[in-house]
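Residues or ranges marked as compositional bias 'Polar residues' in Swiss-Prot: 591-602, 617-633. The feature N-linked glycosylation site is assigned by Swiss-Prot to 158, 164, 173, 179. Swiss-Prot lists 588-633 with the feature region 'Disordered'. For 1-30, 554-633, the entry in Swiss-Prot reads topological domain 'Cytoplasmic'. Marked as topological domain 'Extracellular' by Swiss-Prot on the basis of sequence analysis: 134-208. Taken from Swiss-Prot, the feature transmembrane segment applies to 31-51, 58-78, 113-133, 209-229, 238-258, 283-303, 330-350, 373-393, 429-449, 453-473, 493-513, 533-553, supported by sequence analysis.
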């Protein structure tokens with residue numbers, strides 16, 4: 001009986017797939033779109049524009065793109081080539097040096113944390129999406145049950161403060177007066193805090209589960225599962241919509257935004273360069289951190305997605321396209337955000353800095369409030385939150401697939417491959433259950449705690465160790481030859497230098513910067529207690545600790561009479577390291593093929609008829625020339 005690939009019937013998988021056991025992307029566009037959806041997430045919309053205006057406007061673009069060239073693209077290319085060469089997920093690739101397999105487990109832990117709270121953000125976007133399907137947005141006025149006496153809506157003729165606005169000057173006086181006396185709160189802020197979250201006073205006060213959010217969380221996980229029900233075979237089709245439609249929405253919102261009064265002021269505030277700020281270390285640190293985190297490096301997702309590529313796919317080209325697309329999207333989103341915020345600031349008669357925000361405050365408070373000022377505001381709100389949902393889902397697909405692929409590759413038997421859909425369902429159910437505490441009244445505190453600690457400096461450490469393991473333990477010369485065997489050309493000299501020296505140096509700089517700039521987390525005026533911060537550090541360490549723990553375990557289990565012998569055996573590549581298919585095991589890997597085939601029958605070519613036809617492999621190099629490799633079969 002044939003193997004079931006990614007939950008699909010065998011006949012569907014054997015038409016074009018090179019690796020019949022794991023399956024491949026339907027075509028290269030699916031991989032590129034999936035990777036774009038993975039890299040382009042919520043942070044591109046709600047974090048980058050804020051960092052840009054805070055760090056010198058247009059001047060911030062200079063360090064940002066410098067970090068992209070010297071750190072972002074090289075690391076992206078390294079992870080793609082790593083996964084594609086071995087055709088394995090974030091665990092299986094560490095056959096390259098088994099002692100470092102803990103790095104893969106660390107990536108799984110990080111992806112688990114991110115997947116839990118990221119889907120809660122998506123579920124909140126679902127909630128706002130459904131709430132926008134009204135004639136009047138529910139956060140427009142102050143006449144709702146959840147509003148307080150301090151609420152003062154910019155459109156409220158009968159607000160709780162009982163002011164009657166007759167002109168823009170009166171509106172300005174109202175705003176200034178409220179700031180001095182009542183500390184004005186907007187309807188959107190009260191809707192967010194008092195209706196959606198019903199936020200408690202302390203992180204330890206969980207209160208009740210918010211059933212509407214719980215329902216939206218279930219919807220979110222159901223959508224993710226259905227899109228991954230056949231692995232990359234189904235998600236590869238979904239991304240044609242989820243990865244492209246956000247750009248349609250961004251363009252619609254941009255065109256609408258620039259036609260509004262005050263939009264130019266917002267855009268100028270966003271772009272006007274303050275060149276003196278590029279001399280500040282914090283600006284360079286923010287640029288490096290944003291590049292590193294926004295590309296999804298060290299999460300395990302890039303390795304996983306690339307593992308489903310065909311062996312000779314040009315991942316060098318893909319890494320450049322995807323990285324530049326990610327950064328260009330961030331810049332483009334800034335125009336969309338600040339054109340609307342500029343209009344809002346003009347309407348209120350205040351400076352743009354008074355309405356600018358980042359994170360959940362931008363997505364669920366500031367921007368929704370600005371949308372209430374537009375005609376047909378429910379339409380714009382529906383589009384905005386639908387865009388957030390799609391951006392979040394694109395990342396969530398890869399986070400879940402990273403975990404599922406790691407489990408399936410690690411077990412590796414026919415049964416687990418046949419029932420991969422059940423593994424996906426199991427991981428989705430566990431993710432849903434672990435996300436329930438984040439739908440309580442203290443959920444936002446825990447969400448921000450996980451966001452700040454679970455995937456912060458631990459990612460930097462994981463990425464740094466990965467560079468050291470591949471470049472210095474396995475050996476840069478061997479890795480460069482591996483890439484040449486796979487692509488038909490060695491990595492360009494620039495990337496060789498970056499991988500060995502520049503990128504690890506920048507990663508180390510990010511780590512030092514993160515430590516120096518560390519401040520205890522707070523949410524608005526709420527300061528997190530020490531015990532909560534301790535839990536945050538434990539979450540961060542839980543991924544990093546996998547590396548030394550597994551190294552100790554591997555040394556203990558390795559053969560050898562002395563510690564040095566065990567260490568040497570734990571460090572050197574395992575016998576089954578290399579291309580997954582024997583037809584690709586040429587050069588120095590051909591010498592291991594006979595031994596590997598005898599000891600592992602599954603390593604035999606899965607498509608011998610194809611191999612008989614393809615006696616030579618022609619690979620298109622970056623210079624446009626054809627490189628021919630004779631088949632060793």
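Here the Cβ of each residue, glycine as well, is placed from N, Cα and C on the backbone.
Remember, it's a predicted structure, so these values are computed and weren't measured experimentally.
No contact links the transmembrane segment (373-393) to the transmembrane segment (58-78), because fewer than 3 Cβ pairs that are 6 or more residues apart lie under 8 A. Within the chain, the transmembrane segment (31-51) has long-range Cβ neighbours (under 8 A, six or more residues past its boundaries) at 25, 60, 118, 121, 232, 235-236, 239-240, 242-244, 246, 270, 286-287, 290, 293-296, 301-302, 305-306, 308-309, 313, 318, 321-323, 325-326, 329-331, 333-334, 336-338, 356-360, 362-363, 387-388, 391-395, 397-398. Long-range contacts of the transmembrane segment (429-449) within the same chain: residues 112, 115-117, 119-121, 123, 197-200, 202-210, 213-214, 217-218, 221, 360, 400, 521, 523, 526, 528, 532, 535-536, 539, each at least 6 residues beyond the stretch ends and with a Cβ under 8 Å from a Cβ of the stretch. Counting Cβ pairs under 8 Å that are 6 or more residues apart, the transmembrane segment (533-553) and the transmembrane segment (453-473) reach 3 or more and are in contact. Highest Cβ contact count with the transmembrane segment (453-473) among the listed stretches 113-133, 209-229, 238-258, 330-350, 493-513 falls to 493-513 (criterion: pairs under 8 Å). Against the transmembrane segment (283-303), stretch 58-78 shows more Cβ pairs under 8 Å than any other of 58-78, 113-133, 209-229, 493-513. Counting same-chain residues at least six beyond the ends of the transmembrane segment (209-229), those with a Cβ under 8 angstroms from any Cβ of the stretch are 7, 119-120, 122-124, 126-127, 130, 196-198, 235, 238, 242, 393, 396-397, 400-401, 404, 421, 424-425, 428-429, 431-432, 435-436, 439-441, 443. Outside the transmembrane segment (113-133) by six or more residues, the chain places 42, 196, 212-213, 216-217, 219-221, 224, 299, 360, 363-364, 368, 378, 381-382, 385-386, 388-389, 392-393, 395-396, 399-400, 403, 431-432, 434-435, 438-439, 443, 446-447, 450-451, 454-455, 539, 543 with a CB less than 8 A from a CB of the stretch. Mean predicted confidence for the topological domain 'Cytoplasmic' (554-633): the pLDDT average there is 67. Taking Cβ pairs closer than 8 Å, the transmembrane segment (493-513) reaches residues 67, 70-71, 74-75, 77-78, 281-282, 284-285, 288-289, 292, 457, 460-461, 463-464, 467-468, 470-471, 476, 480 in its own chain, all 6 or more past its ends.
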